[in-house]
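J.: One structure coming up, written as structure tokens, with questions to follow.
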Amino acid sequence: MKNIGFLAVVVATFVVAATAGSFFQDFELTWGGGRAKILENGNLLTLSLDKASGSGFRSKNEYLFGKIDMQLKLVPGNSAGTVTAYYLSSLGPTHDEIDFEFLGNLSGDPYTLHTNVFSQGRGNREQQFHLWFDPTKDFHTYSVQWNPASIIFSVDGTPIREFKNLETKGVPFPKNQPMRIYSSLWDAEDWATRGGLVKTDWSQAPFTASYRNFNAEACVWSSSASSSCSSSSGQSLDATGQAKLRLVQKNYMIYNYCTDIRRFPQGLPPECSFA
């Protein structure tokens, strides 16, 4: 399933930075005791997980609106029990967050791509997908396009999810808190694969995920740039983009919180009425 994606153009009235620098320039290794590495003159970053520890990194900058791209190649082989998380997040009890999480599986079984959106500390908005390719064989681009109108998740330019701003309907939307980019590789064998039934096979360690070609066409947050970031404008997917999104969700979505009546016996979240 290639080259079927179409994302509506998002216009920012003032984009502070368009970054396609090195990992040395844009990121810092935050934990893992040497298991996170920047290689090839800053063009490649790897995270590793063994029984003692996982690893992680974060962006030096905070962003408020824009388009964030990263190419990832996920843990190959038997990756059951592992989670590779790549997300944007602010801090605090009422934080905002935009999540990609890749849940490992047994060799030959597909990864699960888990997405979620937190606004003002509330998440529980999971949608999950199986990808139309093997994400361990090569690098693929995972993108977040975030503006005051919507958040669009895409894979290799194909939209897979859109979370629209429905504040007028009483649904909080991430728009005021700048977020850093984070990524980590960690052990979640108690829930990641088949609800925890399949455990991590530590004889396969170390597990390694790789990153390259980070690009941010986004507003870098600072006290002097806050008004510029807040003035960003945007639009949702157009009709063509919506058609591509529906095609992906029809063929590759495996879980949607907006259809999980058992989980929400008192009624589905309000945004589900407008999906």
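Glycine too: its Cβ is placed from the backbone N, Cα and C atoms.
Just lifted these from TrEMBL, have a look:
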type     : residues : note
ACT_SITE : E97      : active site, nucleophile
ACT_SITE : E101     : active site, proton donor
DOMAIN   : 17-211   : domain 'GH16'
CARBOHYD : N105     : N-linked glycosylation site
J.: Relative to the Cβ position of the residue listed as 'active site, nucleophile', how many further Cβ atoms are located within 10 Å?
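T.: The answer is 19.
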J.: What is the interatomic distance between the Cα atoms of E97 (active site, nucleophile) and N105 (N-linked glycosylation site), given in whole Å?
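T.: One finds 25 Å between the Cα atoms of these residues.
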J.: Among all protein chains shown, how many Cβ atoms are found within 10 Å of the Cβ of N105 (N-linked glycosylation site), not counting that one?
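T.: Total other Cβ atoms inside 10 Å, all chains included: 20.
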